[in-house]
Amino acid sequence: MNSFVEKIKKVDSRDAKLGMAHFYVAFIGLFIGGMAGLLQTLVRSGQFTLPAGIGYYQLLTLHGVVLALVMTTYFIMGFQLVSVSRTAGTLTNKQRNTGWVGFWLMTIGTVMAAVMILLNEASVLYTFYAPLQAHALFYVGLTLVIVGSWVSGSAIIMAYVAWRRKNPGQPSPLLTFMSLVNTLMWIVATIGVATTVLFQLLPWSLGLVERVDVAISRTLFWYFGHPLVYFWLLPAYMAWYVIVPKIIGGKIFSDSLARLSFILFLLFSIPVGFHHQLMEPGIDPAWKFLQVVLTFMVIIPSLMTAFSLFATFETFGRSKGATGLFGWLKKLPWGDARFLIPFIGMLSFIPGGAGGIINASNQMNQVIHNTIWVTGHFHLTVATAVILTFFGISYWLIPHLTGRTLTKAMNKLAILQGVLWAIGMTFMSGAMHFAGLLGAPRRSAYSEYGGAAQAAEWVPYQIAQAVGGSILFIAIILVLYIFINLAFFAPKGEEEFPVGEAANTTEKAPMILENWKLWLGLVVLLIAFAYTIPFIDLIENAPIGSKGYKLW
Amino acid sequence: MHIHKFEKIWLIFGVTTLLVFLSVIGVSAFYLGNQPPSCLATINPEKVDTTAPFDKPGLNKVEGKEWDYELVYVASAFNYTPGEVEVPLGAKVKVLATTKDVVHGFNVAGTNINMMLEPGYISEYVTTFDKAGEYLIVCNEYCGAGHHMMSSMIKVVE
């Protein structure tokens with residue numbers, strides 16, 4: 001199998017084109033969403049008002065949809081498709097065409113949703129909670145994005161199945177395995193949001209039905225909403241487990257444990273949505289607590305990941321002659337952006353993960369729920385740990401796909417970008433955490449709340465957020481400059497697509513890890529266990545539904 | 001599948017920590033009664049103003065219950081009724097709230113009184129106001145263009 005992987009080091013140019021199409025959309029999204037984010041922090045500082053009749057919540061909807069739903073999904077689909085192509089072999093024409101169909105479905109959907117947001121017909125934020133009612137075309141657009149991602153995902157599943165058929169009894173290549181796990185999790189999770197959009201919100205916005213059940217719609221949304229964050233995180237873990245070890249010149253600590261941790265994510269990412277609904281009426285607290293327990297289960301694979309990464313780093317450092325407790329740190333390639341940028345991401349996941357444990361804990365959630373602490377939290381996790389890793393991936397993947405190289409000058413700029421991100425995010429996310437503890441709400445324009453003393457205490461933190469937001473926007477400009485350079489102007493050459501090898505090549509991953517009947521069966525069982533009874537309760541005790549409101 | 005000795009130690013330590021955290025939350029929730037607001041009662045959101053206790057928003061003294069007062073709020077875009085209320089220091093109060101239109105938040109800023117208000121449902125939380133001062137209530141769930149103007153005030157007085 002190793003010799004097989006060795007032979008196809010370069011992603012086929014037709015697959016590269018498919019990957020690049022995803023990355024163009026992702027980085028255009030980064031620019032639009034980043035710009036919106038900058039303006040939001042400026043508005044909240046109290047020193048700036050939006051021009052040309054743009055609404056704060058219109059901008060916030062754009063920021064959330066474009067970054068949380070569009071940019072991430074495109075980057076992930078592109079990265080997973082080329083990872084499969086690199087490690088399981090060039091896609092067949094049928095697989096590649098399926099990928100293109102998915103891409104265009106997602107793109108048509110994105111444009112529809114974006115137009116509705118720009119026309120101010122859908123200022124419902126990216127969570128689109130009923131009974132705020134957006135234009136039907138917004139919901140159609142979101143549906144197309146999801147359906148498109150299923151079609152793209154099926155290309156990955158087809159490639160996996162084909163590889164397994166060609167290599168009976170062999171564990172699949174690690175990156176392909178991981179892409180498959182994330183795709184399966186995504187498909188199971190998006191069934192929830194697709195159900196509420198297709199069967200509740202769309203007919204209701206078209207006027208086919210008058211009322212919508214708000215609690216059920218929210219529950220279906222959050223059935224999807226939490227695995228969504230793991231859908232963002234797992235591609236970053238793919239890079240941390242498989243790619244970063246190769247970049248530093250080390251080995252993957254354990255191939256089997258990496259697979260096991262992904263299986264645990266598949267099992268425990270989904271039946272946990274209630275920890276976003278802890279403050280809601282209509283759900284029995286015992287069921288909430290059960291899902292809190294399941295939420296804590298999903299911390300275990302993250303603990304495994306943290307161990308593996310630092311074990312790889314230490315083993316590598318010691319193999320280079322490092323001594324003492326922390327001597328190995330000095331041997332790591334700090335001057336290499338492909339390593340440093342994801343590494344900053346890893347570090348930010350330590351406070352990010354700890355904050356997540358706080359958020360999932362019933363009583364502490366009561367203190368921070370829907371305060372700007374939560375915004376600070378996910379700007380550490382998705383907007384630092386995940387996004388910096390995506391940037392770190394881009395710095396070798398874009399030139400690999402375009403047949404160019406990352407020059408020394410661009411590498412330096414990339415490092416500057418990472419450092420600026422760390423500084424900007426420390427200001428912004430730090431200030432958000434502190435203001436949140438004082439009660440400052442998230443998703444709110446600047447307000448003095450009638451001159452209340454408490455609200456005045458939040459203003460200095462909001463100014464710090466604007467300072468951080470401005471630094472972050474400078475970093476985004478740098479990312480885009482580097483992206484354009486790597487896509488169109490960098491010198492022609494060969495940039496490596498690094499894929500690590502396991503430290504112990506004689507140990508074969510147990511085949512039970514590829515037994516999808518078993519794992520998907522367990523996924524269904526866990527979901528049924530966590531959701532069936534509370535769902536029946538919600539339906540049986542449902543109040544009269546809500547008519548739609550357009551309050552913006 | 002081989003697991004390194006240090007990794008075993010790390011995972012045992014990590015999982016034990018998680019179990020301790022869960023036990024603390026669980027004991028607090030089920031033994032001490034610190035459950036998150038999870039009222040199961042429903043209401044017709046179009047008839048809130050004529051349904052007790054929401055027909056009389058504000059602070060109402062009650063007898064023969066575990067709490068001394070009921071503090072009743074009706075939320076709608078973009079305000080709370082009452083807009084301001086005085087609560088005696090040390091009073092044990094059951095806060096009841098619901099919404100007439102879209103989803104709203106109800107957060108007494110800087111405290112753990114924090115509830116989602118959803119159309120059709122009643123939210124409630126029992127608390128003791130044991131510190132004098134002014135407490136700002138903010139809507140912390142997006143509800144429309146005036147969301148950031150939606151607030152109320154509790155004055156805890158001696």
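Placement of Cβ uses the backbone N, Cα and C atoms for every residue, glycine included.
Remember, TrEMBL labels are computer predictions, not curated facts.
Feature annotation from TrEMBL assigns domain 'Cytochrome oxidase subunit I profile' to A:7-488. The average pLDDT computed for the domain 'Cytochrome oxidase subunit I profile' (A:7-488) is 95.
For A:21-43 (among others), the entry in TrEMBL reads transmembrane segment. Sequence-distant neighbours of the transmembrane segment (A:21-43) (same chain, 6+ residues past either end, Cβ-Cβ under 8 Å): 49-50, 56, 59-60, 62-63, 66-67, 70-72, 74-75, 77-79, 81, 100, 103, 107, 110, 394, 397-398, 401, 428, 445-446, 462, 465-466, 468-470, 472-473, 476, 479-480, 483, 487.
Long-range contacts of the transmembrane segment (A:55-77) within the same chain, counting only residues at least 6 positions beyond its ends with a Cβ under 8 Å from a Cβ of the stretch, are 22-23, 25-27, 29-30, 32-34, 36-37, 39-40, 43, 102-103, 106, 110, 113-114, 117-118, 120, 122-127, 142, 145, 149, 152-153, 182, 228, 231-232, 235, 382-383, 386, 390, 443, 445, 552. Residues or ranges marked as transmembrane segment by TrEMBL: A:55-77 (among others).
Within the same chain, residues 18, 21-22, 25, 58, 61-62, 65-66, 70, 73-74, 77, 81, 91, 134-135, 137-138, 140-155, 158 sit at least 6 positions outside the transmembrane segment (A:98-119) and bring their C-beta atoms closer than 8 Å to a C-beta of that stretch. The feature transmembrane segment is assigned by TrEMBL to A:98-119 (among others).
For the transmembrane segment (A:139-163), the list of distant contacts is 69-70, 73, 77, 80-81, 84-85, 88-89, 91-92, 94-96, 98-99, 101-114, 116, 128, 172-173, 176-177, 179-180, 183-184, 186-187, 190, 193-194, 197-198, 201-202, 205: same-chain residues at least six beyond its ends, Cβ to Cβ under 8 Å. Per TrEMBL, transmembrane segment is recorded for A:139-163 (among others).
Residues 76, 80, 83-84, 86-88, 128, 130, 133, 139, 142-143, 146-147, 149-150, 153, 156-157, 159-160, 163, 212-213, 216-217, 220-225, 227-228, 230-231, 234-235, 237-238, 241-242, 258-259, 262-263, 265-266, 269-270, 273, 499, 513-514, 516, 520, 523, 527 of the same chain lie 6+ residues outside the transmembrane segment (A:175-201) yet bring a C-beta within less than 8 angstroms of a C-beta in it. The transmembrane segment feature in TrEMBL is assigned to A:175-201 (among others).
Under the heading transmembrane segment, TrEMBL lists A:221-244 (among others).
The transmembrane segment annotation in TrEMBL covers A:256-274 (among others).
Same-chain neighbours of the transmembrane segment (A:286-310): 226, 230, 237, 240-241, 244, 252-254, 257-258, 260-262, 264-265, 267-269, 271-275, 277-278, 346, 349-350, 353, 356-357, 360-362, 526, 530, 533-534, counting only residues six or more beyond its ends whose CB sits under 8 Å from a CB of the stretch. Positions annotated as transmembrane segment by TrEMBL: A:286-310 (among others).
What TrEMBL records for A:339-358 (among others) is transmembrane segment.
If you look up TrEMBL, you'll see A:419-441 (among others) marked as transmembrane segment.
The annotation transmembrane segment is assigned in TrEMBL to A:461-484 (among others).
For A:518-536 (among others), the entry in TrEMBL reads transmembrane segment. Long-range neighbours of the transmembrane segment (A:518-536) within the same chain, counting only residues 6 or more positions beyond its ends whose Cβ lies under 8 Å from a Cβ of the stretch, are 184, 188, 216, 219, 223, 263, 266-268, 270-272, 274, 283-284, 287, 290-291, 294, 512.
Sequence-distant contacts of the transmembrane segment (A:419-441) (same chain, six or more residues past either end, CB-CB distance under 8 Å): 41, 344, 348, 355, 367-368, 370-377, 379-380, 383-384, 388, 454-455, 457-458, 461-462, 464-465, 467-472, 474-475, 478.
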